[in-house]
Amino acid sequence: MNVLPSSAAQKPGLYLWGAALFSLILIALVAAPTFAPRAFSFLEPLKVDTDPENMLSADEPVRVFHNDMKKEFNLHDLIVVGVVNEKNEDGVFNTETLGDVYELTKFAETIRWTDGASEDAAKKGVIAVDIIAPSTVDSIEQAGLGSVSFDWLMPAPPETREEALAVREKAERIPTLNDTLVSGDGKALAIYVPITAKDVSFRVANQLREKIATFDGDAEYHITGLPIAQDQFGVEMFKQMAISAPLAMALIFALMWWFFRRLNLIISPMIVAMVSVIGAMGLLVVTGNTVHIMSSMIPIFVMPIAVLDAVHILSDFYDRYPSIRDRRKTLDHVMKELWQPMLFTTLTTCTGFLSLAFTPIPPVQVFGVFVAIGVFFAWFFTITLIPAYIMVMPEKAFAGFGMGAGDKETDHEATPLARFLHGVGDFAVGRSKLIVAGFLLALVVAGYGVTQIRINDNPVKWFHADHEIRVADRALNDRFGGTYMAYLALTADEGDALSSIADDVEKRLTALGTPQAEALAASARAARGTAESPDAFLSALREKAETELDAAEADEDWYAWDDAVLALDAASQSQEIFKQPETLRYIEKLQAHLETTGLVGKSNALPDIVKTVHRDLFLGDEEAYRIPDTPEAVAQTLITYQNSHRPQDLFKLVTPDFKKSVLWLQLKSGDNVDMSAVIADVDKYIADNPPPAAISHDWFGLTYINVAWQQKMVSGMARAFAGSFIMVLVLMTILFRSPSWGLLSMAPLTVTIGVIYGVIGLIGKDYDMPVAVLSSLSLGLAIDYAIHFNARTRHLYEQIGDWPQTAKKAFGEPARAIFRNVIVIGVGFLPLLLAPLVPYQTVGIFISAILFLAGVATLLGLPALITIFKPILFRKRRTQHAV
Amino acid sequence: MLSKTLKLAAAVTALSISTAFAQDVQEIVDKASAAAYYQGEDGRAKVHMSIKDSQERERTRDFVILRKDIGDVDNGEQRFYVFFERPADVNKTAFLVWKQPHADDDRWLYLPALDLVKRIAPSDERTSFVGSHFFYEDVSGRNPDEDNHVLEEETDDYYVVRSTPKDASDVEFSSYKNWIHKASFIPVKTEYYDENGEAYRTYTALGVETIDGHPTVVKSSMADERIGGVTEMTYSEVAYDTGLPEDIFTERYLRNPPRRELR
């Protein structure tokens, strides 16, 4: 026996107490700062991170741009309160519902607080001034006698049915509100509540819910929006860790009991799994990492791997004990046989997961590293705690233990399981060509399946279809333009601004035709060659003209200089690209085009505001719903718009310098494929229809961020997988000191992974985040069985020297260990199907499928391949030492 | 019996004191309104407006403001004419306001690029003035009769008056406080409070000069914490009693600005 297991067998108490102490210390290190953050501020508390943005590192350009744009356009994360009334014939536009909506909005405006006693602390909560609700937005409308009125859409709760219906009518006239604030069918309206940061959403939403609970109207309220989904996600994540994972544990436990029939013995793999999970998760928290959608899956990944080796030991021990009848000697035998396969399965599994550290997604890196740490713990505790545990059990507990223990004389190979596996072995050896052909065919079909894979994800769909988040999502997407926001930023390129401004200045001054303008034009001609920047050029001219203006005595002189200064100002304003009618018309066409894609329910952009105000300046005439013809007319329309309660809203669509503008797209679906289709469509549209001025376009918003991280994830995973495949192949070659055995060991996992991903492609399951991560798990698990089978086959062959006889032995205890593993862990993970979040279900199904496939590929494929290639594989047996 | 008489006397005294006090406050706010908006019979100024948002991004507006008090009555009827010069694309845009102390103001807007004179329906005057942090009402003046006033404090230099709206549904504030300079009656600071009693909007007179014998605010600012940022108005070429003709404050002059008066 090796040093560690034998030391553990000698001093079992030391190892068992050591493991207990290790767990307790880690638990204490996590619990202390989590429950008493002040007293233990020097320690890292448990931090939950449910923000999908964190799939990208903080300095990722896509994310930096996203945050810059959010800041520049003053956009905040939103809680959306959807109000639906199906019962009232006027929908939500009845006095009661609107009264409640008014009250709820007033209430929402007051939700803000400061943390702690400090007066200077920044206010947290709702950004009242940016709430979008009927009582907080302006309506522009005709007010008789040709006058135009700017007033609140719903200044007070309506008192009559007519007043209530008028709110709907007014809102529907305003394109930026229609299908955003009110639904086309009048059954629903949405209140958009901006919050200071995502982490306040839980508290804000709870206060809103409490307020809503006091209403007794017949409207339904859906509180949703990305921050809410994230909070819910955090809650479900803990449910998963607290319920699904232990349930999986319990089922594994029950299955082991069914196989080994010794309750006190099978507690040991459970202890190994617990200590390994506590070790990995404890270290994760203690080192300041967050519990994220990825890292919350660590226990689920570590658990089967931890149990796996323990099942090998127990299975072997169970089979050997009846013939050896001494636990120490049995242990010696078992550990000698399993030492190397277990070491190498651990190394390969760690390699598979560590390769994730090279993906560009921080949470995936953390996940990979800590699963690898967990796997290492699992190995260490398996080879120490299991022997230690066996040694502390009283010898009499083993009486009557083990396979075929009831009848000493009977070969313990006579149980139904043993007979079945021998049958499998005979079949694999006898029909080797058929089996290999079958696997090759499966690989071909899988290869086709892989080409059919659709890469797609949608964090909202991580919830079940009947989860309140999904219900709200559907209720609102059915009625509004769409609840998934994507933002298209348009930025005017800085061209050769100086020469175009200089040309423009000269043209405008010459057009004035006054001697004063001519004099200034002459200065402009002289300055254009030497000016450092357009700004310097203009301000030098302006200074000159203003000096003349101040000095002017005669009115005529003063007017002439005034006109010249004006011309300079006008020239500088020609750089304000998003005031130019042709630019606005271009955006208008792009918006119209987007709505033909069927993916974009609605878009809001600067042209909508210009057109609406223009229409209402001209008596609400629909013909006037257009972009006016000059930049001055646009500017005057916009200054009119700004005479409102919310002048700042303009700068959510354009920057004050009119050099950047943003289109708000409301998408019906948050699927990455749909967002990607919109991106491709916009690229094509802009390529086919060049904008009137040099404009570059970029995306931001969470729907886009999801696409960005998914792209990184897919390519990163592919690289990580290729890398770890090669690493494992090298490790196998070293382990078996033979390239051909190394290659042979890769066969089951190649088939497993190929078929798994082929099936994903064939059944149309989206390749999403959990599916991507599973490739590393398949690699880690499928290679394990191959290592165990090959190592022990070679071990047997060394003694027997004849393949058919070796195969018979291999389909004894080694095959049974693999089979038990497949059943225990494969079935053990089915409780994940009950998990509240879809990614965990995916993981549950696929772990089971991976184990089953890997088992089949190992037990059928390997003996078949060995049968076919035995001349190559056993060529050097005489000169080689056993592994 | 005696004690009853005393009590009555005390009550009467208290009543008369509080009435006297109330009159005092009314007088203070009336004088303050007159000092801020009714100096001289008419007035003109060039205004440079700098609007800085929460990200310190600046926009500017330059305009000329002309004012005439009808019949030179303090806190009475007034006419305003606001003529925009810069930025160039709003050049010649103009506002005309006929301020009626006890009725809604009449307002017109002229947009030269659309060749449009538009009457603005009487509604809320607490909306942004051309996208700045100032409201219309801050530019033309809020009638003191719209609020109830209480003299909260009297310092060596200032009367501190708390004003509460008579009709709370018309306004976004729940009260405001004015620091009125005792000697000049110029309000040098105004703070607006929300329903929680927190100040969210602040007007400050940053510079006061005496021009033609009238104490005049030549620089002022308005900050709004809800949206962030601040607007500063700088007044130059201020003149009083220049004899502005009343007829330039008519719709006709919106399209044909009185260039001489605006120079």
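Even glycines carry a Cβ here, placed using N, Cα and C.
Taken straight from TrEMBL:
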{"type": "TRANSMEM", "residues": "A:14-36", "note": "transmembrane segment"}
{"type": "TRANSMEM", "residues": "A:241-260", "note": "transmembrane segment"}
{"type": "DOMAIN", "residues": "A:262-392", "note": "domain 'SSD'"}
{"type": "TRANSMEM", "residues": "A:266-286", "note": "transmembrane segment"}
{"type": "TRANSMEM", "residues": "A:338-359", "note": "transmembrane segment"}
{"type": "TRANSMEM", "residues": "A:366-390", "note": "transmembrane segment"}
{"type": "TRANSMEM", "residues": "A:434-451", "note": "transmembrane segment"}
{"type": "TRANSMEM", "residues": "A:718-736", "note": "transmembrane segment"}
{"type": "TRANSMEM", "residues": "A:742-763", "note": "transmembrane segment"}
{"type": "TRANSMEM", "residues": "A:818-838", "note": "transmembrane segment"}
{"type": "TRANSMEM", "residues": "A:844-869", "note": "transmembrane segment"}
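Proximity of distant same-chain residues to the transmembrane segment (A:366-390), defined by a Cβ-Cβ separation under 8 Å and at least 6 residues beyond the stretch ends, is recorded for 1-2, 4-9, 11-13, 15-16, 19, 265, 267-269, 271-273, 275-277, 279-281, 283-284, 289-290, 292, 294-295, 297-298, 301-302, 305-306, 309-310, 313-314, 317, 327, 331, 335, 339, 342-343, 346, 349-350, 353-357, 359, 720, 773, 776, 780. Sequence-remote contacts of a segment are chain residues at least 6 beyond its ends whose Cβ falls under 8 Å from one of its Cβ atoms, and for the transmembrane segment (A:844-869) they are 244, 248, 300, 304, 421, 424-425, 427-429, 431-433, 435-436, 439, 740, 744, 747-749, 751-752, 755-756, 759, 770-771, 774, 777-778, 781-782, 784-786, 789-790, 793, 803, 807, 810-811, 815, 818-819, 821-822, 825-827, 829-833, 835. Looking at which of A:266-286, A:434-451, A:718-736, A:742-763, A:818-838 has the most CB pairs under 8 Å to the transmembrane segment (A:241-260), the answer is the stretch A:818-838. Across the range of the domain 'SSD' (A:262-392), the DSSP-based residue counts are 117 helix, 1 strand, 13 coil.
Same-chain residues lying 6+ beyond the ends of the transmembrane segment (A:742-763) with a Cβ under 8 Å from its Cβ atoms: 439, 442-443, 445-454, 725, 728-730, 732-736, 771, 774-775, 778-779, 782-783, 785-787, 790, 846, 849-850, 853-854, 857-858, 861-862, 865-866, 869, 873.
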